[in-house]
């Protein structure tokens, strides 16, 4: 046997440690059998290899590299398709150069057609593909899994629609959607891999992998693995597990590597380079005197970012209102997209207004020209770069470069805000990036004109580099809109130069400080507008978070079931709301929390009861009743089987809505059966059954059954629902909810259930201590507190306070 | 009045929102008083400004910027002092050039003197300054606050000793100690600021600030804010709160900015640049064919890193053993340091063996020469760089550059491993960095010799850049030793070039994969050797973590107190162990957990009881007894006052040990008083007291008092000690312990206390499922489980299981 103990030892110590114990056992077994026949040996070998394969497939890095590879291919393929689309656009446009109106029609119709197709496709295949997907991913990673956002259909819909949208040259980006695509791929890959290794069935692990998916998405989009890993973290997570840190990096690095390798194989490039590689001088990147200007740019970009978010919010709400009132717009989802597309492509028409805003450049071309390290303005006149197609777009006989840049920034600003409200896959990152770069270039060119001689240091003359201003402007404006710091890192990776680290970081941080104090981030705004179940962050030093306690914001009216609950009670509770889990207490008097019961469990218990009644109480039942009962019990049983699926997924709207309705209905079959008795009419039609005594008998029997105590003996309960006490601080509660991805937690006092805190209550409490619309809201009770004393208070109470609510 | 409502509104909406409500109230108040006299107006103004000052001081960014500034000044000052020391070293060395032996003595004695001073100073002022401090910071951030590591004495000791150690040119670095210095500064600054704003009294907030301190430490050390923030996070935290993310960045950025600004002001540099700015070509950084070499370097560095950690561990344990047996070495703590210093400086003596390992270069000089973008080797002979002092050191008439580089790498490897075992402040980051760079340069030079023509792409010829290999080697080896990915980012910021992102990341990740599977990181090794209370991470896909439950590893014998506990019980429990908190249950039969009581509370209750006895039972006590009693009660009361300090700090060894002993003794006074009665002897000396009846009476009364039930009514209890249930998985438990910084958690079953899990148990459980020394240990019980079934198991149980342990 060639695989000896040493080899296995190495395997065990290495990363292949998955099934080492099994392998060793297996090995020992093999040794004892070594003198058996060859055929049996082969069988043993096969099983050995199978185990090895399973552990190989189960290794994290295999999964991460596959994910990176897939995303890189996606990103590269999309770039190629988009390039083809834009080339075709230019080709058609050039073909029609005989007449301006023909050219205009070619320019506009092409965009409109692609947009309509994209909107229609997204709408028909999977409407979940619309928007950037970052808010939904964020919500899902926060614990409220939006299952329908992670399906294959959504992936297809997003990929194809996004390609068309980008091809139509609408000012939107692929970064946000790629975060979504990445997490969908991660979810689907987990599902696929679970056929080979059971480790992929673990839910917690798969949720951890979603974060990785986000990192890969950005890593592949910008070839920025570090920035991608950090951005995904800042945007999607509230808490971040250090042990998952390397996963994002590994996957994003491999993804970015493949993404940059493909153009080399494709002979488009010579070697692996940054996406927008710049070549600014390394010996003297910037002068100290420029720092205040960079800082001021950061502040202005902070205001600009906040205004962008504000504008987006206003447009969104306006469109929403219009949609609600205008049934025509609502029904024709892509009419709105087409209108916007026509408007935007009309304005960018290169022979029309487009000539004042470099309309014929794509976003990529604009970025390349902004980052160029040559100075455009020479006393306000663009230098002679006619041989450079990109730079020539910024030259106009009637307008100087400042006017064109200003028009570009202003027009793109509202166009982008408008575009991302469309029901199509679209990201706001890249357009904001382009606007920021344009703004920075404007400032840079201005300074280069004001100080044409640059700086004189130790006899050397260093000119101002307007491209660097574009880099800083892009990073700062994006930071202002997304409220992230990692945009600075993305910027550095994107340009392949890090000599501007400090100016970039300073302006990014200032932009963050300004915009965070004015507006929520673009993603939080979408979450608010779409009313997704989210939890706001506690940021920028809210001292109040330490002085508010659970008792101030918990919900005291808890819907609970007790060990003495009757079937009637249970049905009433199930009907009264749609809580996923219900607390089980010992009795209404003691309120001692035993655990929590899932809704599906209760439905199952009701079904069980039906079966039980059928078996045991057959004799006490009226005969005709029994016949009907058998059918009903069978139906319920099948419904019960369905309900054993994970409840969280079962309770999602759309896809699973039908399923749960049937479960719900079958659960209430009993109620319907017992109380409203639709079969009575059927019986009345039957001549043998039209007997008042029987009906009365049935009614009495039913009432009696309903008043019986529920049998909880075989009920599956979760004995460890998350518990808080009244004196837990808001800060701690927020931490626990964020870290442990809680939806709700029960509030107990010596084991007694006294309240419940759900995401909703927590959200209200947090918003209450944050300034909203300039007015500071505070929880009602916290006003009556002595704040000074609470500042240093520990969370202890005196025992007699606790024992005041004495356990019965 | 010039401050009108609009201004205040802006203040409120901005980051100055701290006391806005108070301000508004105050403002309203002021308006109503506006027609009062000028003097009163001034008073109001003063109070207004006081409030404004408090909110200003309480703002996070003020704190963060002050912290960054302090650390930058520290780092810059240390660099200057170290430069002075090394210049003085060279000066003395050159002064003695008349004779080789004189030169040797000057070279060695200088180093030895500085080392002895450093070791002595650290030992006398604060021994906590020894070592890198990262392991201790990590432990403290994990929840087990090592108070004595965060004092002003430690700071002074660390700063001065470290300066001397670096001045003595021992191959150690300042990075690890700076992480420690950063967190000490953060802790001290919080303490200082708490005089002005009560927000700094919040413990949770101050612990969050420690992480920031670490980030600033590295940010200022390398002028690498992004890498610093990430490195501190990877090394010190297990969990990471996204809302704290910006803090590290802001502080580290400001720190790095000031750190790089100071040399500009000092006219050492022209503008803000990277610390080791490189100027490699931007247009074609590397060829695809070089990638496999980079990857191989990563793997070799992974092995090298693991070997370094192994070597360090072996030397450490050997020294420890020697110390234990050799009392001479133990007593003369700096003899060992002096010996090592002499050994190392002898070997680096530039005229001796040092000429074969560039002995006269400092670490900084070596790094600069390694990162140089010229090729040294020209068919094995160093090119003529005589005018460059640094490069000339690598040229030797008898040995070619490969031999010198190899000797350098090998010698520095063991020297560094040896040096960081010394009881002085020292970091391992920079020496490892230098070794890695040397190794990379060796490979790079080798390739440049093998392929002198470089690559020919599209007619352009690109030579191999050996400096880039040095960059990659440095990043990979450091990653292998520290198990971090952010070393790659630090590397980019340090060199100011990012074009090697992908090669760096690939080699860093590979180095991590190799070394993590072989050895723990250097910091975890120190934690193990120093036996600090730590919690290992669950890393690299341990599937078992999902299949082990609390019931498998919890401690079932819990030390608890009940509502019916007698004074005798309490004294017995207090004497039996030194648990900081004890669980309080309703009764021994019900075991219903009411909360946890701190040890100090119990001591206070005992004291209270003494006072009570004195007041109420005066009549029932023997007269002589009473006199003694009064004194004893007073003593206890004063001890009680002391015990109201935060218990955690009170229970720390060394500084507070004395205090707690006195509290402890006074608590047991009662016991001593009641049971062993040392005063009886005193009474016996007294002729009036030598009466058997009285003694017997006293004894009976004492016994009776001891058997009385403890009065818990005024006892402060924590009603929310952290609770787990038996079915919580190891994975979840680990998450909660890491995130919430728990020391212990009680295990309950429907409110009944059934066990306790402390860091110790958790550590054992985690180590049990990780391969330790090649042998896989698994928890005893988990072997009996069906692993397949548990893989997808949810944490629910059936109610009847739960009710089997029925509540009484």
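Quick reminder: no glycine exception, Cβ is built from N, Cα and C everywhere.
As annotated by TrEMBL, transmembrane segment applies to A:61-84 (among others).
Residues or ranges marked as transmembrane segment by TrEMBL: A:104-129 (among others). Long-range neighbours of the transmembrane segment (A:104-129) within the same chain, counting only residues 6 or more positions beyond its ends whose Cβ lies under 8 Å from a Cβ of the stretch, are 85, 88-89, 92-93, 95-96, 136, 146, 148-149, 151, 153-154, 156-158, 160-162, 164-165, 167-170, 177, 333-334, 337-338, 340-342, 344-346, 349-352, 422-425.
Sequence annotations record features per position, and here TrEMBL assigns transmembrane segment to A:209-233 (among others).
Away from its own ends, the transmembrane segment (A:291-312) comes close to residues 413-414, 416-417, 420-421, 428, 432, 436, 439-440, 443, 447, 469, 472-473, 476-481, 503, 506-515, 518-522, 525 of its chain (Cβ-Cβ under 8 Å, at least six residues beyond either end). Here TrEMBL flags A:291-312 (among others) as transmembrane segment.
Within the chain, the transmembrane segment (A:333-353) has long-range Cβ neighbours (under 8 A, six or more residues past its boundaries) at 93, 100, 103-104, 107-108, 111-112, 115-116, 118-120, 123, 168-171, 319, 359-360, 411, 415, 418-419, 422-424. Annotated transmembrane segment per TrEMBL: A:333-353 (among others), in sequence order.
The transmembrane segment feature in TrEMBL is assigned to A:397-415 (among others). Among residues of the same chain six or more beyond the transmembrane segment (A:397-415), those with a C-beta under 8 A of the stretch's C-beta atoms are 171, 304, 308, 311, 344, 347, 356-358, 366, 376-377, 380-382, 431, 434-435, 438-439, 441-442, 445-446.
Look at TrEMBL and you will find A:422-444 (among others) tagged as transmembrane segment.
Residues annotated as transmembrane segment in TrEMBL: A:464-486 (among others).
For A:498-515 (among others), the entry in TrEMBL reads transmembrane segment.
Long-range contacts of the transmembrane segment (A:498-515) within the same chain, counting only residues at least 6 positions beyond its ends with a Cβ under 8 Å from a Cβ of the stretch, are 280, 282, 285-286, 290-291, 294-295, 297-299, 301-303, 305-306, 309, 468, 471-472, 475-477, 479-481, 483-485, 487-488, 491-492, 540. Panel annotation: around the transmembrane segment (A:464-486), residues 227, 230-231, 233-235, 278, 280-281, 285-286, 290, 294, 297-298, 301-306, 308-309, 367, 370-377, 428-429, 432-441, 443-445, 447-448, 451, 454-455, 495, 497, 500, 503-505, 507-512, 514-516, 520-524 of the same chain, lying at least six beyond its termini, place a Cβ under 8 Å from a Cβ of the stretch.
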